[in-house]
C-alpha cells in the first residue's frame, strides 16, 4: 500500500470539501472513521462510486439519510470533465479532459476481446523523448489522484451510457498517456490501488500496466509499493542511439535500467516473470537488421516480450516511420532468437490518438531547471 498522507492540501477542493476520488480505500476508511462511521460505510460508498460510477450521495440507497447529509456537507465526488471527444474510424475514442485550466488526453481502444484505456499521469512531460509529441509540449505539473482515477471513472461512465452503445466495458488500463508515471508516484500509485481494489474498479493486476522510460530510483521504489504489469520504453539497442532519442538514458543508461527491471520482476507476480519491451520503429535510426541483432543480444538476460511500434508522426518531427518491409525484417531477426515479438497495430492515428501523438493543452512551459526540481519532489528520491 502507498503511504500518501491525506492532507487538506492534496484532497480538498476549492469549496473546502474533500474529493473522495482522491482517496484509496485505506484513506477512505480513515476519513469515515474521522466522521464517526464504521469502515464498512467507506466500502459501501466506494462501491457506489466505482461499480456504478455514482457521484450523487442521494442515489446511494443503502447509505442512511443522516450519513448522506453529513457527506454532502464535507465531501464530494468530482471527476474531471470531458471537453472534447474525437472518434476514429477504427472505433478508438480520444477524450480531451479538463484538469484545471489545462487539458490531458485519454484514449479508449476497443478490441474484440477487451477494451483498453490509455491514461495520462502528468500535464505534459519532462523527459523530452525526441519522437514523442507530448514531450514537445514541455512539463507543467503532476496530476492528482482524482485527476488520474477520474479519467477511468469518466470513461467508464461514458462507455456505460447509451451514447456509446455497444462499446465494451474497460478491461485494461495502461499508464501510457501523457507524462512519465514514475515521476508522479505519490499520485499514480494510489490511483492504481483504486483500479485494483475490489471496491474500486476491481481490475486484475495483470491488466493494469505502467510504462516507464527509465527513472531507475523510482522503479525500485515502485516495486515496494504495488505490483502491476510493467512495460519499458526502450526504443534503442545501444546507449549511443538511446542517448539521442531518450535523453534520460544519459543519467540512467540501458544497463542500469535493465538491472532495475530485473529487480522489479523478482518482486512482481503481475508480470508472470517477464516485462514488455516497447520499441518505436524510426526509419533508418534504430530499425536496421544490425540493430535487431544488437537488441537480441542486449535482452538475452531479461525475460521479455517485444512490442514493435510503428512511429506515429506529428508536425515538425525529424523522423520518418519505418517501412513495413524494414519492420518485418527486424521482427524476423528477433524471432530467430526466440523472442515473442509483436508488431503493434496502429490505432486512432487519424485523430492523433496513437502512441506518441497525445499532446493535450499545456500552458506556460516550465523551464528545464524547474522541471528537474519537480522530478525530484514528485518521487521523493533525492538522488534523482
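Using the three backbone atoms N, Cα and C, a Cβ is placed for every residue, glycine included.
Annotation comment: Swiss-Prot describes 105 as active site, proton acceptor. For 111-350, the entry in Swiss-Prot reads domain 'Radical SAM core', with the evidence type sequence analysis. The feature disulfide bond is assigned by Swiss-Prot to 118-355, with sequence analysis given as support. The [4Fe-4S] cluster binding site annotation in Swiss-Prot covers 125, 129, 132 and rests on sequence analysis. Positions annotated as S-adenosyl-L-methionine binding site by Swiss-Prot: 179, 180, 211, 233, 234, 235, 312. According to Swiss-Prot, the active site, S-methylcysteine intermediate annotation covers 355, on the basis of sequence analysis.
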Can you count the other CB atoms that lie within 10 A of the CB of residue 211 (S-adenosyl-L-methionine binding site)? 21
The mean pLDDT across the domain 'Radical SAM core' (111-350) is 94
At the level of the C-alpha atoms, what whole-angstrom distance separates residue 233 (S-adenosyl-L-methionine binding site) and residue 129 ([4Fe-4S] cluster binding site)? 10
What is the interatomic distance between the Cα atoms of residue 312 (S-adenosyl-L-methionine binding site) and residue 132 ([4Fe-4S] cluster binding site), given in whole Å? 9
Cβ density check for residue 233 (S-adenosyl-L-methionine binding site), other Cβ within 10 Å (all protein chains) comes to 25
Can you tell me which of the recorded positions 105, 118, 125, 129, 132 is spatially closest to residue 180 (S-adenosyl-L-methionine binding site)? Compare CA atoms only. 125
Closest to residue 235 (S-adenosyl-L-methionine binding site): which of the recorded positions 118, 125, 129, going by Cα position? 129
Cα proximity to residue 234 (S-adenosyl-L-methionine binding site), best match among recorded positions 105, 118, 125, 129: 129
